[in-house]
């Protein structure tokens, strides 16, 4: 066997030393390193190799590369050297392509991890699908006698917020006070966010009031906390008192209004943002498009779509999904499909498929929604609970009982547990099809107590198919469950009225009065040139009410006139 020339061996350290100073190739480094092993040359004694390895770790782009570099680190006897290991832990814990499990295994091999490594692992778990791992690592840290610092706590607070675990958050807060870090502004901002996310706005406000140097993050955290708790009057008060506002401030307020069902107010805030505030981002536009979808404001939604394009916002999958949802809910199915088909099928997720399938189902395109579900399966996107809700809704619209049973049973086969919403959809399918006995039996066999939505679906079917005995039983149960819901009394009253049981219908109205339940007025909306106009019966507060009622009276007159003429023609001939 030929021995390698000494000149070539000597040139390898020189090459490795130059790698960090030039546009390096990971593969070339790895291949050269393996050649060095083949000639029994000790890498740890080569000048500049260590620095080159650190440079490669800094520029690592995948877990595969990282693992190969980690193998080199171990073979060089550097598995306890944190200048290398900390970079391995950092990449695998925090990068988008990382692996928190691998990071923890590397971390566990350290005999005496630094606070930097502890914090990195805790932070990695707080960002992962398993935020509880942050607490496990923290408890291990305390058990082994390592002291946390002011950077440890924000990651634990974040984990509490993501889990909506108020008890864990309070425990972390107690530990913060015990260790004397409660005055740190970063920690205080994190606590405000956590308490707001967990619904304890009182404690969020207490932390906020105790802060000495409030910054924009502090104000935004307080605003976001109020908005998440549905306290929109207080959220608006905080917003109006802010001397400085950024895109997060505006987005939090808009999103709060959307989640509170105040869609018109959300759009009004956005219009003000366009006039005096910063340029909207993806988060803002998702909330605004959601408001348009719920209002059925198609023209407004188109304007928002143009805003996204005109301002050069990245057309992310999340934004495309919001556009599909808006167009579909507004009935613009062709435009929804246009956005939907603009996404490469191998880059789609279940959310955009759900938006399209649900839109088709809502507007009665039953077969099209079922076909789209098959296309989704062909692409390889796995359905979730929402997918099956959309499919069951489609079956209800189309009277497809057999298909509905298939989809309902598929939930369990796919490892999902049917929720009360799925059960309500299944009852709706059976009730609409007139299978009231089957619907009632289904409810009796449900693993959970029937919710008002489940019973409401059965009541509607009973009225439509004139089974008034069952309607009365179900209606009274609904009133028992929701004694302050006006629709429950009106539903049963309408059932009595259809059967001409006027005394019973009147008794329902009287029961409403005794309980102080008032009927919510119905209203209709119309969108003209991007402006949404709402009308309530006999309401004259709209600025154009006089012209509107004049036109209404004219239309009614013309209808009556036409009816009289038709009758005369029917009696006397043309």
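Cβ atoms here come from the backbone N, Cα and C positions, even for glycine.
Just so you know, TrEMBL annotations never went through curation; they're auto-generated.
For 114-148, 215-249, 250-280, 349-383, 384-418, the entry in TrEMBL reads repeat 'PPR'. The repeat 'TPR' annotation in TrEMBL covers 247-280.
Summarising model confidence by region, the repeat 'TPR' (247-280) averages a pLDDT of 96. Sequence-distant contacts of the repeat 'PPR' (114-148), counting only residues of its own chain at least 6 positions beyond either end whose CB sits under 8 Å from a CB of the stretch, comprise 82, 85-86, 89-90, 92-94, 98, 100, 103-104, 107, 155-156, 158-159, 162-163, 168, 175, 179.
For the repeat 'PPR' (215-249), same-chain residues at least 6 beyond its ends with a Cβ under 8 Å from one of its own Cβ atoms are 185, 188-189, 192-193, 195-197, 199, 201, 204-205, 208, 255-257, 259-260, 262, 265, 277-281, 283-284. Mapped onto DSSP classes, the repeat 'PPR' (215-249) shows 26 helix, 0 strand, 9 coil.
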